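Heads up, the thing below is written out as C-alpha cells.
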C-alpha cells in the first residue's frame, strides 16, 4: 500500500504515478488526478487477481523483487524527507538559526561577567553588570571618520524604551518637596511677566539676606474661576490639590487643573556632588557622624556631631560675644553653604559668554533654527540628527526637532521655555555627574586642607554673597570650570527632552498621557515667591526664558524666499543672514559653479585648486562667528539698532569682495549665455518658472478696412501712372516699370517677378523709424531679440549644462 501512503502525503513528488512497480497488480487501480498520462511503452495492463492470501502473495513475488521494493521504498522516504525540508520550514538548514539569538545574548552576558570573581545570583546584579558592559565599557567605542562612534550590535539586546540605571548616575535623583502655591501654574499673568523685550539683561542670582521674606501664597491679583468656586461649594469640601483654577488661565492650564490634584513634585536634583557637600558640611558647619562599629569605645569622646567652629573661637573672630550676633552669623553660613554657593556655581557655569554661545548654538540644533536650518538646506544634510553624550557623537534619525512649529502663541512659548529649562537641568546634572565620578579620596583630603586654611576668611566674610563667592573659588576652581565648559553642552533633540519630561512626571506620580503638565509649571518665577531649596530651579527657569528670547526661538519670524531661515539672534544676524549679508548671499549663489586652478609647482604633480562645494561652504558657514557683534548678557537684535555692525560683513570662504564680484559676474554671464545659446527649457530652481520661454509666432498684420480700401486705390493709380510714363515710371520708382527687371507680368510697380531668382532673391525688410503706430497695429519689437525654437528632453535648471547648439 505504498502508493496509497504517497498519495496521502501533500509533499510527496508525483514520480511514482509514472513508474512501473512489481506490486502494481496488488495495488488498486487509482492514480492521482495531477499525474500526467502514461506513455504507450509504459502502459501496464493490470489484471484483477481476485482474493489471495498473504502466503500466496509472498510466494507469487520473487525474493529479488521484494529486495528491490524495499530499496525503492527507502529511496522514496528519503526523497519525501528532502521534499519536506525544501518546501516546509526553511530555518532548519544546518544549525537552527533561531538559536543564534540566544547564543549572541549568552556571549554578551559571559563577557559582562568576566570581570567578576563570582557569578552573581541576584537579577539586579546581573542587570547591573550587563548595563555596565553595554553602556560603560572599559574600552571606549571606536570613532569613525565622520566623528560618530561605530554602531554597537550589543545594544540590540537591551530594552528599547527602558532607561538604563548605569547611565542615569545623576539624572535619577530627585528632590521631592511640596509644590509652593506661588508656582508658575498659579500665576495667570506669568507669560506677560516673563516676556522680554529689547534691552533685557541676563538674570542674576539672589541670597537670603537680599530676600528676607518669602511669600508663597496665591496673591491679591489672582482671582479664582467662578465655576471652581461653585464646584467647591457644591461638593462642600476643600480643594485638596495645590493647583487652583483661576480666571486668566489658558486652555492648557485649565484642563490640567481639572485633570490632576497634586501636592508634591519630584524636582530634578541640582545639588553639588555629594562627596563635595559632605566634606564642606563637615569642615564648615558640623562634624559628620560616622556609623558605630562593633569594637568602638562608646566612652571615647569624639568631635562627631559638634559644630565645626565653637562659640569661643567664633567670638574671637567676630570680636563680639553677643549670642544674637553669633546665631546670625551661623544662619548666614548655613544659607551660603546650602543655597547660595550652588547658585554661584551655576551662574559661573552658565553665564560665561563662551558657554552661553555654545548653549544657544545647541538650541539652534535642537529647534532647527536660523543658521542651522540654512546649513541643512544648502548642504542637503540633516545636521539636527546628531546627538551626543559626554563627548561621544551619535547619529539618531528618530529624533524630532520641529515639534514646536505645530504650536502658536502662548502654548509655543510655554513649550519652548520648558524645553530650554529641561535642557539646562540636563546639562547641569551631566556636569555634576562627571564631577562626582572624577573625585577620589586624595582629592577630598586636599579639599579638607584648603577649607581649614580658609576657615577664618569664610566665617568672617562681609555678607552671604561674599561667603558663597569665596567658597566657590575653593570647591569649583577655574580649571574644573573650564574643563566642564569645554565638554558641555551635549547635542540633544526634542525627543530626548520629551523622554526626560515624561521621566520626571512619572516620578512625580503624574501620568503624562492623561494631562498636559510641564515640569516648569511647578516652579515659581520669582525668588521672593519661591522657597530657598528651589532657588536653583527658579534661576534655571529665568535663565531658560532669557536664552529662549535671546536665541529668538519664542516666535517664528521666518517668511518666504530669503526669509525662510531668518533668525534675529546675534548668532545668525547679520553675519550669517543671507538677508543682511549681501556678500554671503552672492557666495551662496556660486556654490558648485567654478573651480580655481593654481599654478603647479612641477610638471608631475597636479596643481592645487579650489572648488566651492556645498560641504566646504557649510563647514565654513557653521564655523563663522563674530564675537564683536555677539551681546551675550543683553538682548540687542541687529534689526532694532540704527548703528552698523561692529565688524565688516564678509562671506565665509571668499572674503575678498572684488574676487567674489568677478565670480558672480562670470556666473551671471554664463547663465545668460546658456539662456541665449543653449538648447532646452531652463527652469528657475526656486519658483519653477521658465527662464527662456518660447515666444508665440507673430501674427500677420491686418489693416483696417478703410485704410485697406484707400491703400488699394492709391496702388491702382500708381500702376496706371507707371504704365503711362513708361520705363522708370514715377520719380523714385526706377527699374520698376513693366519692362524692367522688377516689373511683373501684370505691369504693377514694386512687384518683383516671382519666377526669377537673382542675387537678391530674399529682399531686406525695411523699418520706418519715427512713424506713429496706427490704432490696433502691433508694435515692432527690437531686432536684437532673437527667437529660438528650443527643444528639451527634460527640464533643466540654470546650473545645468545644455546640449551645444
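Keep in mind that glycine also has a Cβ here, set from the backbone N, Cα and C atoms.
Checking 90, 365, 415, 527 against Swiss-Prot for the annotation phosphotyrosine singles out 365. Looking up 682, 701, 788 in Swiss-Prot for phosphotyrosine, the annotated residue turns out to be 682. Cα of residue 365 (phosphotyrosine) to Cα of residue 682 (phosphotyrosine): a distance of 35 Å. The predicted model assigns the domain 'RRM' (348-466) a mean pLDDT of 93.
Within the region 'Binding to host EIF4G' (280-345), the DSSP-based counts of helix, strand and coil residues read 37 helix, 2 strand, 27 coil. The modified residues 365, 682 differ in how many other CB atoms lie within 10 Å of their CB, and the one with the most is 682. For the domain 'RRM' (348-466), residue counts in helix, strand and coil come to 85 helix, 8 strand, 26 coil, using DSSP.
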